[in-house]
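Now, the feature entries from TrEMBL:
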{"type": "BINDING", "residues": "B:GLU148, B:HIS213, B:GLU228", "note": "Mn(2+) binding site"}
Amino acid sequence: MLSDSEKNLRIIGTQIHYYFICKTKLWLFSHHIQMEQESDLVSLGKLLHEKSYKEEKEYTIDNLISIDFIKKQGCLELHEVKKSRKMKKSHEYQLLYYMYYLKQKKGIENIKGVINYPKIRKKITIDLDESKEKELMDVIADIGNILDMDTPKPQRMKICRKCAYFEFCWV
Amino acid sequence: MKKNYYLMSDGMLKRRENTVYFVNKDGKKPIPINKIYSIYAYGSLTFSSQAIHLLAKEGIPVHFFNYYGYYDGSFYPREKLLSGDLIINQAEHYLDHEKRIFIAKKFVEGAAKNMEKVLKYYHLENQISTILPELDGCNIITEVMNVEGRIRADYYRKMNEILPENFNFDKRVKRPPENMINALISFGNSMVYSTVLSEIYNTQLNPTISYLHEPSERRFSLALDLSEIFKPILVDRLIFYLVNKRMLSEDDFEKDLNYCLLNDRGRKIFIKEYDERLKKTIKHRELNRKVSYKRLIRLESYKLIKHLLGSKEYKPFVMWW
Ligand code: SF4
């Protein structure tokens, strides 16, 4: 079982992700307008997701942080492997959030984050320095602002078709 | 895909692991839990507590009907989808008179326009579009209900022109229905009510806060509200179909001096065709996607949620075909 605060942290991770992909989704999810997972499409997606988790994800910390691999070379390196840079920002800030969490909760100071894009042979390294930490706090504050306001109007995007909120947004 | 299960005979629900068994005099029929959407029980049904635990855990509502086929009540599992924000908004729209009457009128408008479509299909002139604008002048719920009543009276009068003579009726009589058409309407309406309730269960809406009907009228009065819109589509059209195609005849009713009810055979025919209709799909204009009639009810709930959250004004569903 996750404790309440752990659940909270997990939710913030998801919110950061949604913040970068769709503000409507962020708002609805955060206000507990969640869609039931009953359609075949959604449950298939869930299944694949769970499966890929099992096969790929090596490290899970506090049931919250799932990291593809970790290296220890003087400092702790959290490695994420991504297919494309489409959701670069979301990846980056989620990783920053994990680093921030480890720092706050576990007192681990010396952490690096690395996002690997093997397909295009690229790597991005992220340091949780003061300015990055501030940026992360800004994102979290901005999430708070969005949630205080009315539901953001949905914007039609490619991802809508596969989103669990599709019918909700577009009916 | 999950299905509705209609249990027509007396029996018991038992559980072994993740399977529920319906046990009756003919034997034991397994129903895998992840295949059940809702259960409609027409016979007398007993449960093992293990079975009810599983149904509760999986969030499966059970609707009970009595000997006469009337709705008795539902096993409505503890809600799994809750949104505090939405409940507050739902209550606020009830308490604020302006807001409440706005939604109440929309439900009447949707119901009336769907009735009009039903009659139009049979090329029948009617008064609905002349009476409907009177809604504008209504300031209290009873006035809204009045307009609705007059529309319905006109509608039922016209129904006789669609029906064969032996099925004609004078007026709508609910309990007990005293002729065949009233029996069919009562039976069908209680099915729609249950179907709507199952859909509401799968959203964050609270079924006890309603707008057209008083929340005190029935425990899940929001299901009464939303049913209004779907009754002409799901029940009335089905009745014409069954009667005019002679799929139902006088033999399918049980008659007494004071009442008239569908008998076992009649119920089976009705339920089978009703379920077929729920599954039937149409291409949804806005979504540009195929949706079933049953799904249309869910979409209606979503539209109501959006209205309550202030993100899009509610427009009732009106058949476009
Ligand atoms: S359907 Fe599109 S707009 Fe709506 S929540 Fe999903 S991604 Fe956002």
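Cβ from N, Cα, C; glycine included.
TrEMBL annotations: computationally assigned, not manually curated.
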Taking the Cβ of B:GLU228 (Mn(2+) binding site) as the centre, how many other Cβ atoms fall within a 10 Å radius? 24
Cβ neighbour count within 10 Å, max among the binding-site residues B:GLU148, B:HIS213, goes to B:GLU148
Those same-chain residues, other than B:GLU148, B:HIS213, B:GLU228, found with Cβ within 8 Å of the centroid of the Mn(2+)-site Cβ atoms are B:ALA104, B:PHE107, B:VAL108, B:ALA111, B:MET145, B:LEU212, B:LEU224, B:ASP225
